[in-house]
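Take a look at the structure set out below.
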Amino acid sequence: MIWYLLQRVLQAVFVVWAAYTLTFTVLFMLPSDPVAIMLGTASGGETTGIDPAQIAALRAEYGFDQPVIVQYLTMLGDALRGDFGQSILTGARVAERIATELPHTLALGGLALVLAVTLGFTVGMLSIYPRKRVVRSALTALPPLGIAVPSFWLGILLIQQVSFGWGLLPATGNEGFASLVLPALTMAVPTGAILAQVFAASLRVTLAEPYIDVVRAKGASRARIFYGHAIRNATLPTMTLVGLLVGNLVGGAAIAETIFGRSGIGRLTVQAVSNQDIPMVQGVVMLAAVTTVTVTLLVDLIYPLIDPRVRTRAAAQ
Amino acid sequence: MSKLTTAAQDATPSADPAPGAPRPYRFPKPVRRASTALATVVLVMILGWAFLPEMFATHDPVAGVPTEKLQPPGEEHWFGTDNLGRDIYSRVVHGSALSLQAALIAVLVASTAGSLIGLLAGYLRGWVDDVLMRMVDVAIAVPGMVLSLAIVTALGFGTVNVAVAVGLAGVTTFARVMRAEVLRVTTAQYVEAAVVCGVRRWAVLARHVLPNALGPVVVLAALEFGTAILSVSALSFLGFGAAPPTPEWGNIISEGRNYLATAGWMTTLPGAIVVVVVLAANRFARILERPVRSEQ
């Protein structure tokens, strides 16, 4: 068990390191020149006619004059100590900016996750459980719709209806729980739709298992079969989706925070991309990668605790 | 772990319930036929918009009439007009070419690169498989949207760059599906027979493995098309797609953001078109899926 644990943790560390290398390659090898971008913003868009000595000085200051491998190793060493360099736009430390914005996005993402799970399980359950066909078919049709709706458009509709139409919740802002509801809902719908589909399919498979027949033969009621026996086993496969869902939320935050004018990691990312602020983008990508890897690792470690079959098989190997 | 993955696969919507299961509710045949017909109509119409925008548009998509600005939908302007007096319906029609092209490029990039990786990994096995699939694992660790944003930062803005970024973010899915299919097909008896008969390795791959592994990849490509429309328009909405006067579905919706309270039609109707197109595309993917599923 300890070996298994160690192996999984090492794997996770490897993936994070490789993700860092991947983003370094993508961001620093491709044609954009950070120094040109920096000077472009500093002098209001004029990149021509700048003193070459000034360019050289900036290159030296940021280390861009070093060979690529030296740049890579220096930055990797800094990153290990939690230093992701500074924004080429504002000069702010990347790690500090991310730390300031993170709480906003954590609150938003947390609520979105709760909403997504609630929506997903409720809709998935109700597309199987009810006896009335009309109800089932109506609820089966919901997830494909949720998947087809662009989340930015959904957010706009929510603002139009709930904020402007009914005047219920604030359309923009960072203050209080009320301002969290609409953006969280915007993020939760596409994620919840996927979850609903997977859960419904898993419920169908579970209900076909022989042990359900045994339970039915023993005279258990419909509700007892569902709540007492089917749901718990049907929930297991959805656990493997959790990493994906959390990753989706990080991307969703970029859209939700932009539409609802909230500050947070998503907004920071969009600003960084707009200004081609490469160190900032890299910081955010690494945050997303570490989050997904950690969540996936946790799920993998918790899974054997929930499902004894995985545990016994691992022991047998 | 293998049990884990099969359990996850069983749970995907494409999984067939075991015999004797309570049958998942299927819409009655006429309804299904009607929805298929509707999806066909939608897709044919959108393709018409993309290829012959002049025929379908009622006004100029870029030049506005300032005196007719912010008019609600009506007989003259079907989707209303925007803050510059441009006809929104005509902008949506002219924007479909770019938006569909971008989605198509994204799917082509993802399916070509992903299939190649999956094919090599699944067929050669050994260290090639290890290296390629570890790389896929790494790419999966970065959420698709974030990866697309990073690639757009590096490539620069514009429709094609956005399309390539969305495509690259989708490579991993294709690589995994293709690899699984190749692994399944290579164990088949006809492949063994071909090998025993002395057919060369790469000929087996081209003649027997690839054609038989392609089905699920084609279905995935069809499904990814709808997703790509959404991702591309999301990036365009954030301002990383085509530069302003050029219409794209994403930036048309984004332009209406400042007029939500006064001119809701600027965002509502173009967005509804995107939803309808994605629903129709996904419907078609499901139709493609049926023969592939029954074959397995």
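Cβ atoms here come from the backbone N, Cα and C positions, even for glycine.
Automated prediction, rather than curation, is the source of TrEMBL annotations.
Lifted from TrEMBL, the feature list:
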- A:102-303: domain 'ABC transmembrane type-1' (DOMAIN)
- A:12-30: transmembrane segment (TRANSMEM)
- A:106-129: transmembrane segment (TRANSMEM)
- A:141-160: transmembrane segment (TRANSMEM)
- A:180-201: transmembrane segment (TRANSMEM)
- A:241-260: transmembrane segment (TRANSMEM)
- A:280-303: transmembrane segment (TRANSMEM)
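By the Cβ criterion (under 8 Å, sequence separation of 6 or more), the transmembrane segment (A:241-260) is not in contact with the transmembrane segment (A:12-30), since fewer than 3 such pairs are found. Contact between the transmembrane segment (A:106-129) and the transmembrane segment (A:280-303) is absent: fewer than three CB pairs lie under 8 Å, with pairs separated by 6 or more positions in sequence. Segment contact is absent for the transmembrane segment (A:280-303) and the transmembrane segment (A:141-160), given fewer than three CB pairs below 8 angstroms at sequence separation of 6 or more. Within the chain, the transmembrane segment (A:12-30) has long-range Cβ neighbours (under 8 A, six or more residues past its boundaries) at 68, 71-72, 75-76, 79, 278, 281-282, 285-286, 289-290, 293-294, 296-297. Residues 107-109, 111-113, 115-121, 123-125, 127-128, 140, 142-147, 149, 151, 154-155, 158-159, 162-163, 169-171, 234-235, 237-238, 241, 244-245, 248-249, 252-253, 255-257, 259-260, 262 of the same chain sit 6 or more residues outside the transmembrane segment (A:180-201) yet have a Cβ under 8 Å from a Cβ within it.
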